[in-house]
Amino acid sequence: MSANLATNVDSRSFVDSEPLMRVAHLSVSFRRDSRWVKVIDNISFDLQPGRILALVGESGAGKSVLARTMLGLAGEGAEIAAERFEIEGVSVAGDTPRQWRRRRGRQIGMILQDALTSLDPLRSIGAEIGETLDAHRLYAGHDRRRRVLDAMAEAGIPEPEHRARQYSGQLSGGLRQRALIANAIVANPRILIADEPTTALDSSTQRQILDLLKSLTKRGAAILLITHDIGVVEEIADDVAVMKEGRIVERGDAREVLGAPSHPYTRSLLAALPEGKPKGVRLLAAKPAVAAFAAPASAAPRSPQVSGDAIVAHHLTKRYQGRDGRTLVAVDNVSFRVGHGQTLGLVGGSGAGKTTVAQILMGFLNPDEGRIEMLGARWSNLAEKERRSRRRLIQMVYQDPLGSFDPRLKVEHILHDALDASGLKDRSVIRRRSLELLDFVGLQGSRLTAHPRELSGGQRQRVAIARALAPQPSILLCDEPVASLDATTQAQVLDLLADIQSQLGLSIVFISHDLGVIQHVADTIVVLKDGRVIEQGSAQSVYAAPAHPYTRELFAAAPRWRARA
Amino acid sequence: MTNLLTTAGAAPDLSSRWASKLPLQRFALGLAAAVLATAALAAIFPQLLVDQGPYDIDPTNAFSPPSPQAWFGTDQNGRDVFSRVVYGARASLFIGIVAISIALFLGAVLGITAALGGRWLDLTIRRFIDVLYAFPGMVLALVVISVLGVSELTMAIAVGAASAAGYAHIIRAQALIVTRSDYVAAARALGHSPARVLIRTILPNIVRILLPLATLGVGQTIVWATGLSFLGLGAKPPAAEWGAMLSDSRNYVSLAWWLTVFPGAAIAVTALSLTVIGKSLQARVEGGRVG
C-alpha cells in the first residue's frame, strides 16, 4: 500500500494550476504589555505549484511569524484573523492543533535556517528523517527505509546509505542543510516553507542549495522562501513580496520588482546592497553619523609607525594534529601585507583557514612557521608579557556580538572594562569617554544602562565596534561582522566602519564569505582555499579578472546582484 | 475578517521573559517561595511557630490522631508531631545546605582545575571523576560515614562527597564554554592580565551557574540525607529530624499513618519547592547566556 502511495505522489502533476495555499487578508496580533500588537497586517498571497514566492524584508518585518502561522504554530495567545486561509483547497481556519500536526510535514514542509540546532545531535540523520514518516504513519519496514534514502538522494546527499548512519555533528554545513531539506520533503508535502535556508552557508554551498530548491519546484512544489538576501531572490524566486512592519508594501514578478521597484522602501532595500559599489561610496544616503572624534591628549600616538605597513605576514604556517594522528595543515605558507589606513579583504569558503589566520593575527595562536610584524615590530611568537602591552593596538569585531560580551555586563560595564584596559582609571573620564564612544558609533547615551540582550542586532554590533575602538587601536580585525544582519542594518554598519576608517585612519582586516561585501570594503583581497593563498591583489583587479579558477568559481557561485544604477 | 481563529503551539518569544510566564507558573513559584520561607522560619525560629517543644513527652496522650489540638497528631510517646516537624526543619536543612556546599566546593575545585589546568591535569581529573561516578553514591556515603562515625555533620560530608562527581562534570563543561567564548578572547585582546581575566571574567561566569545548581541540589541532598537517617546513619532518634522521624515511625505505620505521612510530606514539599525555584533560576541564567 505504501509503495503505491509513493508512486502516486511522485506522479502528481501540477497541470492544475490551482494555488496550493491561498491566504487572503490575514492578520496576526499578539498581546504585549496588555496591548494588542498587530505583527501581520492584512496580508494576502497565493502559493502556486511550481513557483517560488520570496518574502523579503528586514528582521522584525513579521516574516517568521507569517511562516509559523502558515504551519499552525503562531503561538499561544496569538489572535489570527483571515478572510480566507486554505491549503490545497480546504479551509484550515479554526483548525485544532491536532489537525495542524497531521498537516505539518505531510502537506507543508519546513526548512529552517540553522541546521546545526535544528537536528538532534544524538540521533543519526536517517533516524531523524524517518521519524517524520512515523509521525504520519507513512511507509513501514523496508519501504520506509527506501523512502528515507530516496528523500536524501533527492536532497542531493551523496552516498545516502552511508550518510543516514551519521550524526549531524559529522556533517558539513551544506550536508546538514540538505539533511534538513530531506527531512522536509520526505513525506512528500507539496508546500515548502524555507526560512533563510542559505544564510549560514558559504557562497558555493549556497548556490547548490538554491539549485536544489529550484529543482524541487520542477516537480510541482510551491515554495515560500523567506530571506533578507536580495541576491537569493534574484537568483531563484519567481514572485516576490516585500514586507515592512507586517504589511506587504510591494509584490509582483521578481524580475520586474527588482528591476524597477516602485515602492520607496523596496528602492532603499536595493540601494543598501554593497555589491558593485566600490570602496568610498556610501551605501545609505544619510550623512556620516560620525562626528569629529577628538582623541584625548593623554592618548598614545595612534600609529607609531607612519611609513611601512600596518601588518606584514610572512609565510605563516599552522598545523594541527588530528585525532587519527594525521597532520592537518590549517594555514599553509600564507603571506600578505596590510597598508596603513587600508582594508584587506580575506575571502574563502568554510575551512579555508580564515579563522586560524584571525587567531594568529590576534596573537592568540603562534604560527608554527613564519612570522607577523605589526606596526613595524615583531608580533608573533612573543612571550605573552611582551605582547600584552601592545594588544590594545589590534582589536576585533566578532560575527556574533552578543557572544563577545560578558553575559553579566551592561553596555556601560562593557565599555568601562575596555577603557580600563587602556589605562583610564578616573571614573568621570571613563564615563565621558563611554558617552563619546557611543555617540561616535551612532548610539544614544541612554543605551549605556541597557543590556546587550535588549538591543537589536545592529545596535549590538555598534556596541562591539565601540568597545573595539575604546583602547584606540591602529588595526581592526572584523570577522564576518555583518553576516547575521539584514540588508539595511548591514549597510549602516558598513557605512559606519567606512566612516571610522576615514576618521581614524585605521587599518582593517575584513574577513567575509560575502563577495559583495568584500568588494565594497576592500582595497586588497586575499583569497584562501585549503589554507593556501590562491590569489591576491587589488580589489579592482581581482574582481575584474580573477586569475585562479577557484576564485572564478567563487564569483560565479555568488548570487549575482548588480546595482541597477 | 469574517472568521476568527486561534491556534496553540509553541509560545512566541516576542514578549519579555517574565511577562511570558504563564499564570500557573507564577503561582507555583510564589507557592514554592512561601514554602521555603516557612521552612527557613521553622529552622531559625521554631518557637515562633509552635509553643510545644519537640521532646515534650505526654505518654497519656500517645498515638492521638490529627486534631485541632495536635494538628499532625502525636507519636508513641505523646510528642506533638507538628512541633517535631517544625523543629526538624533545622537539622534537615542544615544537612542539605552543608552537603550541597561541600559537593559544589569539591565539584568546583575539580571541574575548574580540569578545565583550566591543561591537558594532563584534565585527563587525570576526568578519570578520577569517572571512578567516583562509577561508585553508587549510597555506597560511597556509607564508606565516608563508617570512617568518620555517625553524626549529622559526617552525614552531610558523606552526601556532599558522594554527589561531588556530578557537579564536577557540569562545572567543568561550563568552565570550558566560558574559556572558549568570544568574550574571554575579547578581554584578552584588550590586554587585561591573565589573572584579571580569570578573576573578573572567567570565574564569575562559571559561578553564575552555581546558584541554580545549589538550589536544585539542596532538595536532592535533603532527600538523600533523610534516606541515610532512615537507615540510622545520620540523625538518631529521638532527634527531631525528618529522616529520623520517618525511621522512627516505621513500626507504627499501620497504627498511626500520621507519623509517617507528615515528615514525609515535609521532605517532599521542601524538595519540590527547591526544585521549582531552582528550575526558574536556571532558566534565568541560561536565558542570560543564550540571549
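Note: Cβ is positioned from N, Cα and C throughout, glycine not excepted.
Residues annotated as transmembrane segment in TrEMBL: B:27-49 (among others).
Feature annotation from TrEMBL assigns transmembrane segment to B:93-116 (among others).
Sequence-distant contacts of the transmembrane segment (B:128-147) (same chain, at least 6 residues past either end, Cβ-Cβ under 8 Å): 110, 114, 154-155, 157-159, 161-166, 168-169, 172, 224, 227-228, 233. TrEMBL lists B:128-147 (among others) with the feature transmembrane segment.
Residues or ranges marked as transmembrane segment by TrEMBL: B:153-171 (among others).
The annotation transmembrane segment is assigned in TrEMBL to B:209-235 (among others).
Summarising the annotation, TrEMBL assigns transmembrane segment to B:255-277 (among others).
Beyond its flanks by at least six residues, the transmembrane segment (B:93-116) meets 39-40, 43, 122, 125-126, 128-129, 152-153, 155-157, 159-161, 163-176, 179, 198, 202-203, 206-207, 210, 213-214, 217-219, 221-222, 224-225, 234-235, 241, 270 of its own chain at Cβ-Cβ distances under 8 Å.
Long-range Cβ contacts of the transmembrane segment (B:209-235) within its own chain (Cβ-Cβ under 8 Å, at least 6 residues beyond either end) map to 91-93, 95-97, 99-101, 103-104, 108, 137-138, 141-142, 145, 150-152, 155-156, 158-160, 162-163, 167, 170-171, 174, 241-244, 246-247, 267, 270-275, 277-279, 281-282, 284-285. A Cβ distance under 8 Å defines the sequence-distant neighbours of the transmembrane segment (B:27-49), meaning residues of its chain 6+ beyond its ends; these are 21, 83, 86-87, 89-90, 93-94, 269-270, 272-274, 276-277, 280.
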